[in-house]
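Below: one structure, written as structure tokens.
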Amino acid sequence: MAGNMTAESAADLGLCVKDTAIQFTEQLLSLFYILSPLDHTKDHAKDVPNYEVALFPAAGLLVVLEQIIRFFQKKDLSRFQDIVVNIGSLLLFTLTRAILLGVVVVVFSYIYDNYRIVDLPLHSVWTWLFSLLLVEFTYYWTHRALHEINIFWAAHQFHHMAEDVNITTTIRDSVVDLVLYDIFPMPLAVIVPPPILIVHIQFSLIYQIWLHNEVVGHLGPIEYIINTPRQHRVHHGKNPYCIDKNYGALLMIWDRIFGTYQEEKEKIVFGVVSPTPNTFDSMTLQFGYYRDVAKKFNSVDGIGNKLSALFKGPGWGPGKPRLGLLKEVPEPDPAAPKYSYDPFIPLWRKFYVLLHGTIVLVAFIQLADHPYILYSALKGFAGMLYIILFLTSIGAIFDGRKFAPILEIIRCLVYFPVDYYLVDSVKWAIDDNERFVLYSSLWMIRVSHILSIMFWLGYALFNKYEEPSTPKVKDVEGLDVLAKPADSRYEQILFALGLLTLFVSFGFVYTYNIDSCKHVTHAV
């Protein structure tokens, strides 16, 4: 009897490993737009998955691989706080996508059903390829508009503020960007069947995940047609020769046709020309530039100039051409510090953010694409508000704001009604084993929030919360230079354990959602 149970368990494990490997490989390939047109063409637009949520684990692997390659190439690793800000923006972006996807399906289907001008065969590779070309063409002009129209640049500049280009930079997008990416392709619905159109709209963004890195060099003749990291690095440069270049997503043909293609030349300095706010607060970074747009609008006279302040380029001014003067863009100093804002943040704060970030991220993966969220605007909105509060709180912790302990206590207290509204009050259609996993996890998370409240109460009462700073020391020539205090070995071990917890949690959640792995994860 025991032997039969052992054999059955081994068979379950083998099937679980096989299915996990197949699914993960397919997801990894799809990040590079390598996917079967026929398999991914659904009969109805409402059946198209939210690929941006489904591909989280595969994208996470690219993040880890990139950092490993940077280590062996002796490049600086990406800053933890930047990765947190980038992933935080992804949560807002993707949750908005999950909520809007239903609206997009309805609108695109309505346009197609009532105003289409041609009937293309749905399950056809040629329709798939033709649609891809149309979506890429539309994306090129959408992306170009985000750079060349100041009121749109106010949303998109958050993406370009990144002074280190890495895989997570891809997901550093604002919610306004997403809305524009969904609005601009609407006219295509008179030609393209919505089940195909919605797939390509998603993958035109998903493909760009691997473009954001500094570890991949020249890829040869393929670059004449396909966008690659080397070409996209130019797009993120603030060197004068990089400004307003290389807008393509998958294809570079439109840049070559319309005169915006640029080869990589001298060392590229990443970021934006205008000053970057000295903060890690996501809301300030995402929406702060609208204040600059308003200042420009109020500073010019006449309705013509005021409209130009909104709808011409960020570099425009009275008497200047539509996009401003390129000669006014300063040449960046490659020897200058990489980051304009780089305060010292103790490792224990990073560990704390890593712990609670893991909780939010795992919960997000489980809930963001769930019907209880998709078909409840109130639940989706509640989740979005909580994520905004979470990002604001960790931004304050990173910035060392005096109000950070109080804000984090409030955030931990707010977790409990959010927990009840989004999870505990729902009658989940799950079996007893799944219910045990759910509620065991919830109680561990609740205890962690109670302990966090106690910690921050003690910290606020008995410690002076000093703002992070980078002290000065003397170099070999006796000049003042910036130096960062070293983290203790204990803090480093603690942070490493936090990273291990993150990977184990992701691995468990990923396999748990594969049907053939249910028995294995329940046994664990």
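Glycine is treated like the rest: Cβ placed from N, Cα and C.
TrEMBL labels come from automatic prediction, so no person has curated them.
These figures come from a predicted structure and were not determined experimentally.
The annotation domain 'Fatty acid hydroxylase' is assigned in TrEMBL to 128-260. The predicted model assigns the domain 'Fatty acid hydroxylase' (128-260) a mean pLDDT of 94.
Here TrEMBL flags 350-416 as domain 'Alkylglycerol monooxygenase C-terminal'.
Residues annotated as transmembrane segment in TrEMBL: 53-72 (among others).
If one looks beyond the transmembrane segment (84-112) by at least 6 residues along the same chain, the residues whose Cβ comes under 8 Å of a Cβ in the stretch are 45-46, 48, 50, 52-53, 158, 162, 168-169, 171-175, 177-179, 182, 186, 189-190, 192-194, 197-198, 201, 280, 282, 285-286, 353, 357, 360-361, 364, 368-369, 373-375, 377, 380-381, 383-384, 387-388, 390-391, 394-395, 398. Taken from TrEMBL, the feature transmembrane segment covers 84-112 (among others).
Residues or ranges marked as transmembrane segment in TrEMBL: 124-142 (among others).
For 351-368 (among others), the entry in TrEMBL reads transmembrane segment.
Within its own chain, the transmembrane segment (380-398) is flanked in space by residues 81, 84-85, 88-89, 91-92, 95-96, 98-99, 279-284, 343, 345, 349, 352-353, 356-357, 360, 364, 367-368, 373-374, 404, 407-408, 410-411, 414-415, 418, 421-422, 468, which lie at least six positions past its ends and keep a Cβ under 8 Å from the stretch. Feature annotation from TrEMBL assigns transmembrane segment to 380-398 (among others).
Here TrEMBL flags 443-462 (among others) as transmembrane segment.
Per TrEMBL, the feature transmembrane segment maps to 493-512 (among others).
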| remark: Per the Cβ under 8 Å criterion, with at least 6 residues separating them from its ends, the transmembrane segment (443-462) contacts 352, 355-356, 359, 405-406, 408-409, 412-413, 415-416, 419
| Which residue counts does DSSP give the domain 'Alkylglycerol monooxygenase C-terminal' (350-416) for helix, strand and coil? | 58 helix, 0 strand, 9 coil
